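Beneath this line is the structure, given in structure tokens, with notes to follow.
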Amino acid sequence: MPAVLGFEGSANKIGVGVVRDGKVLANPRRTYVTPPGTGFLPGDTARHHRAVILDLLQEALMEAGLTSQDIDCIAYTKGPGMGAPLVSVAVVARTVAQLWNKPLLGVNHCIGHIEMGRLITGATSPTVLYVSGGNTQVIAYSERRYRIFGETIDIAVGNCLDRFARVLKISNDPSPGYNIEQMAKRGKKLVELPYTVKGMDVSFSGILSFIEDVAQRMLATGECTPEDLCFSLQETVFAMLVEITERAMAHCGSHEALIVGGVGCNMRLQEMMETMCQERGARLFATDERFCIDNGAMIAQAGWEMFRAGHRTPLSESGVTQRYRTDEVEVTWRD
């Protein structure tokens, strides 16, 4: 019964999780929150992570009721993500692995989301919509790889939402996406925005540039409210995501869809995906904010799968990479 400790810190969330044989024993997390109208810089985010990571490690062990001797493997996020935060967490993971004399595993962040989603929901072989601040991909498993069927050709959907929040000075606490979702519920007017689907891929930079250009004028003249803009942005970008996911499901003959990543918490996105799945006779799987948002347990779970399959990361190869595609990893733990 191997127990794996996972460190996640690829963006503004820092988490330490413990997983043993498909059970999440601990999953504490902290978030670096910046003032409204601003984003988070890599250096500042890394300093935040360094300040709290050892407390989180102790908290995770206490919550799990384990000691260092009970841990069989240390997993950490190798990438993709922001360079400085990734490095700050990887240094701690390497140090802990050496101090405790445990094997080390570098985990692909995207695969961590997928394996966590599969564990929590019980989905067997779903088409995956992975939506977050740094990534937007439609994925399906085939022949030992998580194949990317469609993706953003510029910025991620979460990045689009975050940068839109800065335009309207929407609070970053607990997250800009959550606050946009709440404001969108009060929106009544659908403002026409650019809708850009190119085959299986999507583009969000144009819609962001458009809304950055017109938002203040439309608000000043009373053409719409901030709530209307939140509503319109959500409806437009989520419709794009549903379209490419449905196309991938048709191509794969899939009867399951799984939403993972921080944006996957959005109830409106889940509602639109559920409608599409019902029309196709398919089933939708999604998780709540405990597991959708970046967390240590997802890295521990992917690490657990990799550890059982015989994977190990030598210290000489235990660096990080900001660009680490989902389909680069050979998935030896699935049939």
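Each residue, glycine too, has its Cβ placed from N, Cα and C.
In TrEMBL, annotation is done automatically, which means it is predicted and not curated.
So that you can see what the record holds, here are the features copied from TrEMBL:
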- H109, H113, Y130, D294: divalent metal cation binding site (BINDING)
- Y130, V131, S132, G133, G134, D162, G177, E181, N266: substrate binding site (BINDING)
- 29-300: domain 'Gcp-like' (DOMAIN)
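In terms of C-alpha distance, the listed binding-site residues S132, G134, G177, N266 place S132 closest to D294 (divalent metal cation binding site). Local packing around the Cβ, expressed as the count of other Cβ atoms within 10 angstroms, is greatest for H113 among the binding-site residues H109, H113. Over the domain 'Gcp-like' (29-300), the average per-residue pLDDT in this prediction is 97. Least crowded of the binding-site residues (G134, G177), judged by neighbouring Cβ atoms within 10 Å of its own Cβ: G134. Of all Cβ atoms in the protein chains displayed, 26 besides its own lie within 10 Å of the Cβ of Y130 (divalent metal cation binding site). Cα of G134 (substrate binding site) to Cα of H113 (divalent metal cation binding site): a distance of 13 Å. Taking S132, G177, N266 as the binding-site residues under consideration, the smallest Cα distance to H113 (divalent metal cation binding site) is found for S132.
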